[in-house]
Amino acid sequence: MSAAASTASTSAVSRFSGAQHRLLAFASLIILVAVFSFASPNFMQTSNIIAILQATSVNGVLAIAATLVIITGGIDLSVGTLMTFCAVIAGVVLTFWGMPLGLGVLAAILAGAASGTLSGTFVAKLKIPPFIATLGMMLILKGLSLVISGTRPIYFNGTPGFTQISQGSLIGSVIPSLPIPNGVLILFLVAIATSFILERTILGRFTFALGSNEEAVRLSGVNTDRWKIAVYALAGSICGIAGLLIASRLNSAQPALGQGYELDAIAAVVIGGTSLSGGRGTIIGTLIGALIISVLANGLRILSVAQEWQTVVTGSIIILAVYTDILRRRRL
Amino acid sequence: MTALVVMKDIGKSFPGVRALHNAQLELLSGEVHALMGENGAGKSTLMKILAGIYRRDAGEILLDGKPVEINSPRQAQDLGIGIIHQELNLMPHLTAAQNIFIGREPRKAGGLLLDEAKLNADTAEIFASMHLKLDPRTPVGGLTIARQQMVEIAKALSYRSRVLIMDEPTAALNDAEIAELFAIIARLKAEGVGIVYISHKMDELKRIADRVTIMRDSEYIGTVPAAETPVEKIISMMVGRTLTDDRPDIPDHSKSETVLEVKNLNRGTVIRDVSLSVRKGEILGFAGLMGAGRTEVARAIFGADRRDGGDIFMHGKKVDIRIPQDAVRAGIGYLSEDRKHFGLATGMDVRNNVVLASLARFAGPAGLLREGAMHDVAARYIDQLAIKTPSDRQEVRLLSGGNQQKIVIAKWLLRECEVLIFDEPTRGIDVGAKNEIYKLLNALAQQGRAIIVISSELPEVLRLSHRIAVMCEGRLTGILPGGASQEEIMHLATLRGDAANQNKQKTAKGEAK
Ligand SMILES: Nc1ncnc2c1ncn2[C@@H]1O[C@H](COP(=O)(O)OP(=O)(O)OP(=O)(O)O)[C@@H](O)[C@H]1O
Ligand SMILES: [Mg+2]
């Protein structure tokens, strides 16, 4: 029985290009879009497309952060509440202290990096399993957000430019017919930058190597702890960006928000073909995964399917996505 | 001349195990120094201390006559000490080139970016120097074990170390690959590199070693020149007694019942129309070069891989084997060649691994496990196979390589399958224990089991087999009687394409007569 399971995993290893899976995910996205635009004329309207993209931006950025950690063979449950924490920090710096916009942005990203460093240290140095370490961090950050904000939302009315971070449209100001909001632009920039780091830099190489066989990396004379912490820190700072995006969209930091976002993010990662056992995954896959989730939510809402059923469908999609991945690997 | 490395009075204990006690080694530059000893003698541990993976408890290490502290793999590398580990340590998802240069990737753009082109070019250069035809961009997870081993060797070479430790590098290699490795070793030697070479293959000693250091029971026994010392002397220093090896006569099985029969087995291009049978009490040897498809045949019979076609019969009755569970139920057991991945739950203890395939037998009412009975059985096998472990509660991953292999054997012996397929059963096993395993296989056959032994070591095939099936490139190229010569086997093992078909018809006719 165990032999059967391990057979599947060797085959996985021998043909793991993952390109097929991404193609499949992409095809599902196209099919979904086709079905919804056929079912409802409202779906394909520019305003709706932009709404979908805008809705993807926060989850997409969070999912990119989660992808990094998952490729190392870990998991990060704290991405959602860390996002909120970073938003609250931005609120403190901008609204409570009245500092300029740039400093608020910097503070949010640094807060994310610091929290990621802490999670990474728990995992790498204290050898606490990632699931537990980030579960702990998730609760700590949630509590801290409430404490710092006094459980009340912090509004950014004193910093007029703040809403522009997500809602303005740089592209639209240049090409008026293409009013793509900055939030979406930021999502794609984060995706491109992270992809680049993963594929081209030493940090990226170690991200995959750690997930593939950490012991082998250690025996190669590499300081594995340091790199692992670096990956968590990078993921944390990306959560900081997500915090800015959501705060900008709501024009406020909502301290009670955040929990539950991590599950959507992980769902996007998994649908995008990243292996939860590590060593394998792509940002483009995650992006497609995140889009599938928001297209589904949007399309089902347009067709007036109840919220409850939307959740059921998303759950089924996750299982289906992972199963097709397993099928593909078994087929070989 | 001062020695390149001197290890003096090295001591090392693990919880419950004294792994090294007054161990010694002196390595000269330009020397191939063989380190010999039984499974669990402490060879790998001594070398891991030299490579900075373990810290020693006692003793001293001198490099060029100066005392050094080696506290991490990184420090060892900086001192010019490289090691090829006994167990493969590769990142399966990364390419060969990425594996080789992990942590030392060539960079560009002021160190910010990886220079993938140079990475692959450098790797291609190393491969070329090894006469290894392998694309540096191939992910290693999909390679055969032999290929992975070659990647490990390439990695060790890439460090350009002055001291190179090779812990059983040839365990998974075929003759051509071994010859290639030996050529590389000769070249390194000429460049003045000192090489510590660990192997259980006695014939390799004479081929490459200059001196031999022998260890037994975690202690230093002696160092002797390789050329002048008879192999028997070295073996007796290793095991502390002289070994006798009497090959039993080949029994006549023509009257016994056929237990397992396989007809027209096919799977893509790796298995092409293989038919064979094993009788009760018979040991069928499976010879061929690495990659001939022997493991694939075994896995297909066992249901571990799918088949495109072919039927399997037990006692003349067709059985439908789709998954390994079906095979075990039908009475077929398979010992994988890759124990680390398929054979063992390395995180569990010896006791649980031994009973793992027969767990139901140890479950009382309500599924409660009878630990006492499990202990008794585990203890029996520890004794019978001379497994070196402090107790049956020791985690398997902490045992030496050879002893892990014995655990896999124990597991399947306990399962009492009628047909047992052993894939490289003595890989990494010392001479003394090898002998024990041969005796055991003979005894099992005598009890009426049907046994298939896949082995890349011809002497082993010849020593054990009652009949020898030979494969080449997925085809069964012939079946020889037990007394066949090495030349006959090699001829069939290299018989390609059409020639094989003709030959098969011939042997088929021969059998019919
Ligand atoms: N990390 C560890 N923890 C506990 N015991 C260990 C550990 N590493 C090795 N040992 C024990 O130390 C002893 C020596 O092991 P070592 O691996 O050095 O043997 P070896 O000579 O290389 O044997 P083989 O030929 O089987 O590879 C064995 O009894 C082994 O079980
Ligand atoms: Mg060893």
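Along the chain as shown, residues are numbered 1 onward.
Using N, Cα and C of the backbone, Cβ positions are placed for all residues, glycine too.
Automatic, uncurated: that is what TrEMBL annotation is.
Tertiary neighbourhood of the transmembrane segment (A:23-43): same-chain residues 271-273, 285, 288-289, 291-292, 295-296, 298-299, 302-303, 321, 324, 328, selected by CB-CB distance under 8 Å and a gap of 6+ residues from either end. The transmembrane segment annotation in TrEMBL covers A:23-43 (among others).
The annotation transmembrane segment is assigned in TrEMBL to A:49-70 (among others). Within its own chain, the transmembrane segment (A:49-70) has Cβ neighbours under 8 Å at 76, 79-80, 83, 130, 134, 166, 179-181, 183-184, 186-187, 190-191, 194, 198, 207, 211, 231-232, 234-236, 238-239, 241-242, 245-246, 249, 261-262, 264-266, 268-269, 272, 274-276, 278, 281-283, 286-287, 289-291, 293-295, 297-298, counting only residues six or more beyond its boundaries.
Note on the transmembrane segment (A:77-97): residues 58, 62, 65-66, 103-105, 107-109, 111-112, 115-116, 119, 131, 134-135, 137-139, 141-142, 144-145, 148-149, 154-159, 162, 235-236, 239-240, 242-244, 246-247, 252-255, 257-263, 265 of its chain, located 6 or more positions outside it, place their CB under 8 angstroms from a CB of the stretch. Per TrEMBL, the feature transmembrane segment maps to A:77-97 (among others).
Under the heading transmembrane segment, TrEMBL lists A:103-124 (among others).
Taken from TrEMBL, the feature transmembrane segment applies to A:131-150 (among others).
Feature annotation from TrEMBL assigns transmembrane segment to A:170-198 (among others). Sequence-distant neighbours of the transmembrane segment (A:170-198) (same chain, 6+ residues past either end, Cβ-Cβ under 8 Å): 50, 53-54, 56-58, 60-61, 64, 67-68, 71, 164, 204, 207-208, 234, 238, 241, 245, 248-249, 282-284, 286-287.
Here the transmembrane segment (A:229-250) has Cβ contacts under 8 Å with residues 54, 57-58, 61-62, 64-66, 68-69, 72, 74, 76, 78-79, 82-87, 89-91, 105, 108-117, 119-121, 123-125, 156, 162-167, 183, 186-187, 190, 194, 197, 203, 206-207, 210, 257 of the same chain, all six or more residues outside its ends. Per TrEMBL, the feature transmembrane segment maps to A:229-250 (among others).
For A:283-303 (among others), the entry in TrEMBL reads transmembrane segment. Residues 18, 21-22, 25-26, 28-29, 32-33, 35-36, 39-40, 42-43, 48, 51-52, 55-56, 59-60, 63-64, 66-67, 187, 191, 194-195, 198, 264-265, 267-274, 309-310, 313-314, 317, 321 of the same chain, all 6+ positions outside the transmembrane segment (A:283-303), place their C-beta atoms under 8 angstroms from a C-beta of that stretch.
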